[in-house]
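Student: I have a structure here, written as structure tokens, and I will follow up with some questions on it.
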């Protein structure tokens, strides 16, 4: 499967060590992995698009075959315009599979030439979700195991700014 480009889309809000694990595994399979950072109108976002792109670039700075792009478009439109025919998705559990199965059928309708490659999450990350991470943040829990250091630093800055704002 080498000599191929693939896209790995997501909101990455926040970027987790589970995402990093999938990125590391993807670059072993594909020559180039384009990480697409998107907005999700259904989710309350902790970080804006630019911040999320910065986190990914910083956390993956030592990987040569990665490109990080932010989009406000359908992933299938981006893939078609750039002649990319492989989409990577992580599957943590049976619920993810159900959602990804439906999304794959929609993507196939929108861009029939694109194939979805599902990567099963390592057991260490199979339970992790952005909702769980946001709850840990809200209650001040330890994030060291779950998030890259650059993301933790920015979360602490955001919390500090919010506390200062609330004091004024």
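The backbone N, Cα and C atoms fix where each Cβ goes, glycine too.
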Student: 11, 75, 89 show up in Swiss-Prot as binding substrate; which entry in 43, 134, 153 does that record put in the same site?
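Tutor: Looking at 43, 134, 153, the one Swiss-Prot places in the substrate site next to 11, 75, 89 is 43.
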Student: Given the binding-site residues 11, 75, 126, 130, which one's Cβ is surrounded by the fewest other Cβ atoms within 10 Å?
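Tutor: Comparing Cβ neighbours within 10 Å for the binding-site residues 11, 75, 126, 130, 126 has the fewest.
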Student: With an 8 Å cut-off on Cβ-Cβ distance and a minimum sequence separation of at least 6, pull the same-chain contacts of residue 43 (substrate binding site), or say none.
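Tutor: For residue 43 (substrate binding site), the qualifying residues are 11, 13, 130.
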Student: Do you know offhand how many angstrom separate residue 126 (ATP binding site) and residue 89 (substrate binding site) by C-alpha?
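Tutor: Given the Cα positions, residue 126 (ATP binding site) is 13 Å from residue 89 (substrate binding site).
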Student: Quick one: give me the count of other CB atoms within 10 A of the CB of residue 128 (ATP binding site).
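Tutor: Looking across every protein chain shown, the total is 19.
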